[in-house]
Structures are given as C-alpha cells and as structure tokens.
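K.L.:
As annotated in TrEMBL:
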type     : residues                                        : note
DOMAIN   : B:6-394                                         : domain 'FAD-dependent oxidoreductase 2 FAD-binding'
BINDING  : B:11-16, B:32-47, B:ASP215, B:GLU377, B:393-394 : FAD binding site
MOD_RES  : B:HIS40                                         : tele-8alpha-FAD histidine
BINDING  : B:HIS236, B:SER248, B:HIS346, B:ARG388          : substrate binding site
ACT_SITE : B:ARG280                                        : active site, proton acceptor
Amino acid sequence: MLSRLYGGSRPSGGGSFETFSWYYFRISGILLLFLVIIHLLIMHWTNDVSCTTYDFIAARYANPFWRLYDWLLLTISLTHGMNGLRVVIDDYVHAALTRSILLWLSVFVLIAFFMLGTITLITFQVPAHLNLSCV
Amino acid sequence: MYQKFDVVIVGSGGAGLMAAMQLPNASVAVLTKVYPTRSHTGAAQGGVAAALGNQEEDHWKWHMYDTVKGGDYLVDQPAAEILAREAIDAVYELEHRGLPFNRTADGRIDQRRFGGHTRNFGEGPVRRSCYAADRTGHMILQTMYQSAIKNQVRFFNEFLVLDLLFNDGVACGVVALEIRTGEIHTFHAKTILFATGGYGRAWRVTSNAFACMGDGMSIAYRRGIPLQDMEMYQFHPTGIYKVGVLLSEAARGEGGKLLNDKGEYFMERYMPTLKDLAPRDIVSRCIVQEVNEGRGINGKDYVYLDVRHLGAKVIHEKLPDITDFARNYLGVEPITEPVPIQPTAHYAMGGIPTDVDARVVIDDQWTPQPGFYAAGEVACVSVHGANRLGTNSLVDLIVFGRRAGKHMAKFIAENDHAPLPTGYEEHSRELVDRLYSSTGNESATRIRSDLQNMMIDKVFVERTEKGLRESLEGIDELQDAYSKVQLQDKGKQFNTELVEAVELGFLLDCAEATIHGALARTESRGAHFRLDYPNRDDANWLKHTLAYKGTGAHDVRLEYKDVILIDDPIFKPKERKY
Amino acid sequence: MRVQMRIKRYNPERGNKPYWEEFRVDVEPIDRLLDALNQIKWQQDGTLTYRRSCAHGVCGSDAMRINGRNRLACKVLMRDVGERVTIEPMLGYPVIKDLVVDMDQFFEKYKSVKPYLINYDNEPGTERLQSPAEREIYDEGTKCILCGACTGSCPSIWGNPNWVGPASIVNAHRFIFDSRDQGAAERMAILGKRDGVWRCRTIFNCTDACPRGIPVTDLIEQVKRAIVYGDPKDAV
Amino acid sequence: MYKGPSGMWSWLFHRVSGLGILLFLFVHIVDIAMIGFGPRVYNESVLLFDSVIVRLLSLALVAAVLFHSFNGIRIVLIDFWKKGVRYQQAMFIAALVLTVVVFLPFAYVILIPKLGGVALWFVQPFANLVHP
Ligand SMILES: Cc1cc2nc3c(=O)[nH]c(=O)nc-3n(C[C@H](O)[C@H](O)[C@H](O)COP(=O)(O)OP(=O)(O)OC[C@H]3O[C@@H](n4cnc5c(N)ncnc54)[C@H](O)[C@@H]3O)c2cc1C
Ligand code: HEM
Ligand code: SF4
Ligand code: F3S
Ligand code: FES
C-alpha cells in the first residue's frame, strides 16, 4: 500500500527557459573551466604576452583545430557571460520598459560580438611568411 | 468602512480556522489581530487525543471517561461524549488536509501516552495522543491555514475586534480596528463566531502569548453575555521559572521528576502511584505546598524539574524543546543541571457558555443567542469542567470548531441578515477616542503589572477568602484606574500602544469574573483549590458559575447552571483518585 | 547589565525619514531582547512599535535585524548581543512603522506556490498511509513558522522584490516531497519560472537566518534538482 | 550587507568576477578582430597588453577567472552533490586557497619580464604607458 509513493501523476517539471538557463550555466561553466584554463596557460604561461604578435596568432590559426577551439571559447563564454548579464539585469532592473530595453540591447551586443568574433575566425587568411619571435 | 459577509469569524487559531473550513460555499471573513499563523494554537506541543487505537486497543468511551474524571465531574457529560466520539473523525479530517502526523511502522498515525489518559476506565495509561513531533499545535495551525488558502477564505489580518453588535437579541456584526491604518470597520454578518482564545496574560507567569488577553470573553461580557466557570483556570506545573514558557508534560512522561530544596523527589510522597504524572492541578498544588512549607529552592518560589538521570541521549532525542528552552531562557544545561520551574498560568476551562453546536447560550435554561457562536478556549462547552486533560484542548478546537462551522452553514441558509442597530460604531469609537484623548496620566503598564502580580499572589493555585477579597478590592481599583489610562502614542497608524491599552481593558474584565466566581465557590474542585474549603462539595457545588456584568461600576451578578450528567453508573461523580 | 540599544525608527505620520535613536536599558543577562524592547516601550517610549506574540520563538512575529543579522527578538538573549546592540527592521520589506514591516507581499508569494495538500483521489475512511521514512523526507520544511527572516536576509530579494523567496520554496518543498501529494508538477512549473527557484544564487544567508534551524538552502537545492531532473524522487 | 558567515561574499565575488571577465571578453574579441586588418594594426593594438598597467589588469583578470572557475565548481557541487550544501563553507575556503595557489605562479610568469617596469611604474606611472 505504501507503494503509492510519488504516484503516476507527476509529469516532469521544468523545461522552461529559466530552467535551461540555469542548467546551461553549470554545463557551460564546466566546459569553460577547461577551455579557459588551457587558454590562459598557453597565452600567459608558455608564452609571454609580448610574443602574441600577429605572426604568433597567424601560426596558430594555420591549424583549424585552434580556430575551432577559439570559436568554442568565444561562443560558450559569450553566451555564458551574457546569460549572466541577463540575470543581473533581471535582478536589479524592475521598470518593465528599461528592463526590456536593456535585455534587447544585450541580445544585440551578444549577436554583434558573436558575429565579429566568428567572422574574424572564419575569414582570417594565414599569410605566406611568418616571423615568429618567441617560439 | 462597511462590509457584508454571511459569516464573520473572529480569531484564526485552531478553532476559528476549523470552522472556516466547513463553509466552502459561504462568504466568510476571518478577522484576526495577528497574522493567522501567529495565533496561539501554534504554541501547543504535546498532541491531540483521539481514540484511534492505532497502537493499542482504545475506545472513545474510555476517552470520555478520562475527560469527565479529569474535569473533576464539572463536565457536561453529553458534550464530553461528543468530544471523544468526534475526535476520531476530526483527526482524520486533519490528516486528509495534509497534517504531517508522526507515523507508525505500518504507516498509520502514531500515538503516545499523555497524563490522565487511560485504558479501560482508569486501569493504566494508553497511547491516545496523536502528534507531529513536538509541534502538533503548530502543524494544526499551519495545515488549517493552508487549507484556508486553498479554499480562498478572506482574511483580515491585524484587525482588532472591539465590539459585537446585536439587533433585538440577534447577533448581526462586529466592529474592528484596522491596526495598520487606525480605521474603524464594521462587518455585517448573519452569524458570528468568536474563537479568540484565552486570557493567560492576567497572571505574571504564563505560558500564554501576549495576544491572549481575553478579548472575546470580555466583548461578549460587556454585551450582557455571561462568562461560565471563570474560576476554573489551569496552572501548568512546569513553566520555566519567571519566564513561564512551558516545559511540556512529555518531560515527566519520559521520566522527569520534581525535586525540592531538600533534594527530595516530593511527588512520591503526595501521589504514590501516579507520582509526577498525576493531573496538572494536583501537581501544581503539590509544588505550591512545597514552596509554602519552605522547601522551595533557596527558600524561593520554585522547584526543580530533574531530567539528568534520563541521560543525554533521551534528552536530545525526545525532549529537544526542553533542552532548547532551558538553555535559551535560563542558561541551564538540563543534562547536567536540574531546571528551575514553577506553575504557570496556562488554560481557561471557563469562557463563553455554548451548547454542543457551539451556539452561545445565555442562561441556566440554555437559551441560545441567535447568530452568535463561540469555540475554542474562549468558549466553555463545558468539556473540561474544573481541569483540562493534556491534549484535550486541541480536540476541543477541532471538534467544536467543526461543529460550529457546520451549524453556521445551516444557520445562514435559513436566515437573512438582521439589520445593524443604529449608531453601531459609536461604542467602539468612544472606546478608542477616550484612550486617545485621556489626560488621566495613568499608565497601562502600571495597571497591567499590578494586575498580574495580584493574580499570581492571590488568585493562583491556592486561594483563600481573605486573598480573594483583597483581590476584589484590587480589581475594582484597577478598573477605576483604567478609565484614566493615557497614551504617549497619539498616532493612528500601527499604534500598538493603543492596541495594548484596549486589550488591557478586556483582561481586567476577565480577571474580574474570575475573582468573583472564585470567591463565591466555597469548595475545592479541580483547578480551583480553596485552602479554607479543601473538599469537593457535590451537594452544593456540582454546578456551573455564570458571571454577568452588572449595572453598577463594579457589579458582577452570579448565577448558576446545572451540570448535565448522563444516566450511566460509570460516569457518576465519585472521588478523584489516581 | 546596562545595554545601549540603537534602534532604527520610522513613523510615517511624523516626518518621512527613518532615523536612529538610542535607548539605555538595565536588563538581566538572560533576559530576551524582546524583554528589553518591552522595557523601552512600557517605561520609556510608548511609541516604539514592533510585533510580538508568543515570546518564545514559535509564532514568528518578531523577526528583525539585530546587529546586522535577522533574528527573532524573543530568541536572542541580552548576554549574547553585547553592550551595544543595533536593531533595524528587516531588509527587503516595506517598513510600516519602526520595526514593523509589511508582510502582505510575503504571504502573497507564499500562497503563489500552492502551499497546501493537493490530492485528487477520494478520501479514505481513515488516514492516508505514509511510512516514517516518507514522512522524514519533508520533515524540515514543516518546522517553518513563516517569520520571513530567511526571505528578508536574501540579497536576491533586496535586488528583486518580486522573487518568490526562500520561505515560499521551503513550503513548496514541504508538499512537493510529501508522498500524499499530487501537485508537485504544478508547483514545480510555478517555481521554474523567472521569479522562481533560479533566482536563488546559493548565498546561504537564509540558512543563517532561520530561527527554526531549517537547512533552507538545502531544501531549495532539492527543489532545483527536482525540477531539473523532472522528478522529486531523484532529488534527495 | 548581511553580517555573519554565509555564502554572501562568494556570491558577490562570483558576480563581480563574472561581469569583469565579460567586460574583458568584449575587449578581447575586438582586439583579436584586429588581425583582420593586417599585422601592423594588430601588433600595435596588442602592444597595449604589454604595458605594465595592462599587465596588472590581466593579472586581475587571471585572478578573477581563477576564482570564478573554482567557485563555479563549488556552486555546481552545491547544486548536484547532495551533501554539497553542508560543505559550502569549506568549499569556499578551498576555492579561495586554490585561487591563490594557482594565481601566484601566474603572477610570477606574467610580471617577471617587466619587474623593472613594475618598480618604475610606482615611481612614474605614465612612463611605460606611452612606450613600454
Ligand atoms: C505552551 C502551550 C502548549 C499547549 N499544548 C497543548 C497541547 O499539547 N495539547 C492541547 O490540546 N492543548 C495545548 N495547549 C492549549 C491550546 O493550545 C490552546 O488552548 C488553543 O490553541 C486555543 O486555540 P483557539 O483557537 O481557541 O485560540 P488561539 O489559537 O489563541 O487563537 C486566538 C485567535 O483569536 C484572535 N483574536 C483574539 N482577540 C482578537 C480580537 N480582539 N480581534 C481579532 N482577533 C482576535 C487572535 O488573533 C488569534 O488568531 C497549549 C497551550 C500552550 C500555551
Ligand atoms: C571558467 C569557468 C567558469 C565556470 C566554472 C563558471 C561557472 C559559473 C556558474 C556555475 C555560474 C552560475 C552562478 C549562479 O547561478 O549563481 C556562473 C555565473 C556567471 N558567469 Fe561564469 N563560469 C566560468 C567562466 C565564466 C566566464 C569566462 C565568464 C565571462 C565571460 C563568466 C561570466 C559569468 C557571469 C556574468 C555570471 C553571472 C553571475 C551571477 O549571476 O551572479 N563565467 N558562472
Ligand atoms: S524558513 Fe525559517 S526563516 Fe524562513 S520563514 Fe520559515 S521559519 Fe522563518
Ligand atoms: S539567501 Fe538567498 S540566494 Fe538562496 S541560499 Fe538563501 S535564498
Ligand atoms: S514573539 Fe513569537 S516568535 Fe518571537
């Protein structure tokens, strides 16, 4: 008789955007953990910032893997971060109009930076001669 | 402001909300001077009795017997029968509404022992108290409030009811002060239920909340309705010294013992069989006797509750509240130190007289006052007689709260609104305006503390003619002084000084009726113990006191009403032995 | 002991700015802070306004901000607050007068999560069965006295007064995890919305504030998991 | 602010660091975009990263990223590990310690090429900005 535990009438909850957003924070956060730390190690540890010249970048982007890597970093961190900004706006801005203006603005910023980053990554042409100073 | 409802319920404790639950199709307003979940019912710890027989054999008739005997036979027996019978259904109703009772291994409502509840007409203790940890009252109140939300009951929170309106003997509304704005509102209704709780604040040491000021009793009393058996006031033996916060009977149920200054477990001397688990009136009296004979701790007016021998494990697991309270309010560690306790004012057996349908009845002929109902501690059905058993108050709330609701549903179907009397707000406005404009320079604080000290000195566990006479003079003086009370806060919004002053007026009335009833009753019965008349006197006093407010300033008129007995030898009044 | 009480006062009828006022009281170390407030009200300044009822921590009337943390005045002893104590109304609620805050919205939010048993089956003749283990799962939430201390301590609510707040979630939890209840999905849908559980950023002030010792954040996290997993069973 | 040992500081740091990183991300996307304009433009813009003041800023960035990441893990553990709530305080301390421990070598590596410059910066704040 006690098996009426949590009977059948419990369809799954959630599914809404807020739930997804929360989940996405965690998943993207974990992914970013690896992407960002490796990124930092490469940029600041194995190389000094003074070495990250045009040629250095170009040499990296000669390998499509790094283009993909950076694109993932771009996409995930941008969406993660903008989602965070959205949450902060929701927390502190209550006037309906201001809020929706700001939210739309951040959507626009998100798209703009995403496009800028993506276009940069896709259209970049590796020049024939590279002059690597540090590696 | 004026508003119209079918039913107005004053008070959102267990009794008021239980009634509201029975009226799903009526327009109901619940008025309460605190937020509903702050009502005093939430403080009840022990449990609610019902002969479910989940743990061992039990029968409602046994429950009825214990109730009648516990009340020292001043109980109306047909009412006690209803209490014991309907407790069972009422408890199931609560469970269906979601109350999280503790459970037995097979999933049923768990039950435990409690003082005075026995098997087979007094043979031995029985597990009858249904409980939810050590917060049964809290769970009842929460569950009912939740149910009320589900049923979309209209609440008027922080409204202080000031007056009850009658038109030609028919109750037709109440007048209330909206505390937040200071406005006066009139609620026009076909029927009114008072469920405003007790008046424990009349004593300095009390387990009762600040809100327990006897409002409902006094409002009715001022409108000519009698108060029944007010001299029957229960003093719980184990209140925390000075603070009055209750240490539940569970402490003694688990084996805690009372200790005097000589290091003696003195209950063994007074009640060799039940010892520390004797009924509350008896244990309180023994404590007072110890104190009077100089065996209070350090010669003062308290003794110890000793649970040290139970061991840390039992204390932590079964008596967490006690540990908590003792540490919090006394800085005492019950595992290693005994806890200072003294009897504390706890429960009014008396109140507004009603029949078993919670209809208010105004004389010895049981004449009902149409449209006016009362239930809970404010009412006197009378199921508790001269002494209430532990866990029986919650039963009272749910059984008679329920009956009140059901009867009101019938009443509103059959009756129309009686028109309001002319000048219906006048009395209330006067009451408030007088306090605002008074320049009498009298302090409500002074009156309140004098009253509380006087009641604990003279109208406490042991009473004498001399003490009661002195308190009669005292109460008259305080009533006079009250008319000169002056406020510092003249504001309208959330003026709690005004609220406290109004409540003090109510409290004085209740104390007045108590003192008059106690002085007249020249016998000892249950909680009313007269040193000068130490025996029960059934020949003259097997009857209820009805105290009416008289016409003169300090007049109180006493009348009496027979106790209803049933024709069954088991329930025939006999000496109360444990 | 002599204690200096710094109290934030506000009276809408007399000027419209909150101000600080200091009182001195003589109290016993084991007096409650509520006793000290009463002493001020009854002997020094009758206009001082606050709520109280039970005086022993079970009714939830007197939650206020004491030395920067939300506490019940009747559960705080004078010996624990030191010789100077600062008392303010709780943050996150509109102030009505002195220490009294407007709880109406708090109760509205509470109501919004359907805090009552939902069961569509016919009522049995006796009790609905529930094992002690099933009873235990939702025990903590049943201790809530709706004092509002948790909600008033939460920075998310200071920023966003529309947020449903920890107290409501605790009470939703109490029913979502009750084996007799069938309304979990309805409640989870409500709490999944924008001002639902997700506004909780695990700040834990609520857990610190709760006078009943309810592990508030823990319960909120269980509700979050229930929503994410779609089933309360997996969440505890 | 709420007094007492709660998770409020961790939340505040997390939020501020998250927004800080986001701000940096915008800058970073723009400066990477400079590669599209050829080596001269890019190299000049990236020179900025070499300056002391910006090196200090990127130190702050590293600190922010580290704290945000470790605390992010703490949050995920609180959310999904059923006992996580109980250890939130300990995990906060762990996140702080980890941040410091990982940060120090980073700081060393980033600052070492410019230690002289750093010293100089304190005396003449604007000298390096113009020409590193
Ligand atoms: C510490 C303690 C422990 C107890 N333990 C137990 C136990 O274990 N078992 C048991 O059976 N009994 C117990 N009791 C007794 C029992 O709790 C009370 O008798 C019972 O709760 C009274 O309920 P009520 O509904 O009559 O009134 P209350 O719960 O006192 O409610 C009164 C209501 O009336 C309202 N009100 C009052 N005056 C006004 C007014 N003028 N205008 C508007 N509203 C007003 C109040 O706001 C409140 O809502 C205990 C009592 C105490 C003090
Ligand atoms: C490196 C690994 C990262 C992890 C593990 C991580 C983890 C998280 C988590 C779990 C949250 C949710 C916090 C909450 O719900 O309370 C969060 C919020 C946030 N993150 Fe990250 N994050 C990381 C990187 C980043 C990056 C690179 C950015 C910037 C682009 C960023 C910006 C933000 C912002 C703005 C928030 C919102 C803060 C708030 O709501 O208080 N995070 N992060
Ligand atoms: S969860 Fe705790 S703090 Fe919050 S309202 Fe309930 S009792 Fe008060
Ligand atoms: S303080 Fe607030 S953010 Fe969550 S953990 Fe408590 S509700
Ligand atoms: S007065 Fe009831 S909780 Fe403090």
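Note: Cβ is positioned from N, Cα and C throughout, glycine not excepted.
Remember, TrEMBL labels are computer predictions, not curated facts.
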K.L.:
What subset of the recorded positions B:ALA15, B:VAL34, B:ARG38, B:HIS40, B:GLY42, B:HIS346 has a Cβ sitting under 8 Å from a Cβ of chain C?
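P.N.:
From B:ALA15, B:VAL34, B:ARG38, B:HIS40, B:GLY42, B:HIS346, flagged as close to C: B:VAL34, B:ARG38, B:HIS40, B:GLY42.
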K.L.:
Per-residue pLDDT averaged over the domain 'FAD-dependent oxidoreductase 2 FAD-binding' (B:6-394) comes to what?
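P.N.:
Summarising the domain 'FAD-dependent oxidoreductase 2 FAD-binding' (B:6-394) by its mean pLDDT gives 93.
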K.L.:
Identify, among the binding-site residues B:ARG38, B:HIS236, the residue whose Cβ has the fewest other Cβ atoms within 10 Å in this structure.
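P.N.:
Ranked by other Cβ atoms within 10 Å, the binding-site residues B:ARG38, B:HIS236 bottom out at B:HIS236.
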K.L.:
For a quick check of understanding: among the binding-site residues B:SER248, B:SER393, which residue's Cβ has the most other Cβ atoms within 10 Å?
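P.N.:
By the 10 Å Cβ neighbour count, B:SER393 comes out on top.
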K.L.:
Using a 10 Å cut-off on CB atoms, tell me which of the binding-site residues B:GLY11, B:GLY42, B:GLY46 is the least crowded.
P.N.:
B:GLY46
K.L.:
Around the recorded substrate site, report the further residues of that chain (criterion: Cβ within 8 Å of the mean position of the Cβ atoms of B:HIS236, B:SER248, B:HIS346, B:ARG388; site residues excluded), sequence-ordered.
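P.N.:
Near the substrate site, the remaining chain residues are B:SER207, B:GLN234, B:LEU246, B:GLU249, B:ARG280, B:TYR347, B:GLY390.
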K.L.:
Going by Cα-Cα distance, which of the recorded positions (B:GLY11, B:ARG280, B:SER393) sits nearest to the residue listed as 'tele-8alpha-FAD histidine'?
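P.N.:
Looking at Cα distances from the residue listed as 'tele-8alpha-FAD histidine', the smallest one goes to B:GLY11.
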K.L.:
Just report the maximum Cα pair distance in Å for the recorded substrate binders B:HIS236, B:SER248, B:HIS346, B:ARG388, no decimals.
P.N.:
15
K.L.:
Could you check which of the recorded positions B:ALA15, B:HIS40, B:GLY42, B:SER248, B:ARG280, B:ARG388 have their CB within less than 6 A of ligand 1?
P.N.:
B:ALA15, B:HIS40
K.L.:
Any same-chain residues 6+ apart from B:HIS346 (substrate binding site) with CB under 8 Å of its CB? Would you list them in sequence order, or say none?
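P.N.:
For B:HIS346 (substrate binding site), the qualifying residues are B:GLY200, B:THR206, B:SER207, B:ASN208, B:GLN234, B:PHE235, B:HIS236, B:GLY239, B:LEU246, B:ARG280.
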K.L.:
Out of these binding-site residues, B:ALA15, B:VAL34, which one has the fewest other C-beta atoms within 10 Å of its own C-beta?
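P.N.:
Across B:ALA15, B:VAL34, these binding-site residues, the one with fewest Cβ atoms within 10 Å is B:VAL34.
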K.L.:
Which one is it: of the binding-site residues B:GLY11, B:VAL34, B:SER393, whose Cα lies the shortest distance from the Cα of B:SER248 (substrate binding site)?
P.N.:
B:SER393
K.L.:
Take the C-alpha atoms of B:VAL34 (FAD binding site) and B:ARG388 (substrate binding site) and report the distance between them in angstrom, rounded.
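P.N.:
It is 26 Å, counting Cα to Cα.
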K.L.:
May I ask for the distance between B:GLY46 (FAD binding site) and B:ARG388 (substrate binding site), taken between their Cα atoms and rounded to an integer number of Å?
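P.N.:
Rounded to a whole number, the Cα-Cα distance is 14 Å.
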K.L.:
Measuring Cα to Cα, how many Å separate B:ARG388 (substrate binding site) from B:ALA15 (FAD binding site)?
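P.N.:
Just about 17 Å between their Cα atoms.
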K.L.:
Validating a neighbour-count step here. Other CB atoms within 10 A of the CB of B:ARG388 (substrate binding site): how many?
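P.N.:
The answer is 29 other Cβ atoms.
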K.L.:
Please name the residue among the recorded positions B:HIS40, B:ARG280 whose C-beta has the most neighbouring C-beta atoms within 10 angstroms.
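P.N.:
Checking each of B:HIS40, B:ARG280, the winner is B:HIS40.
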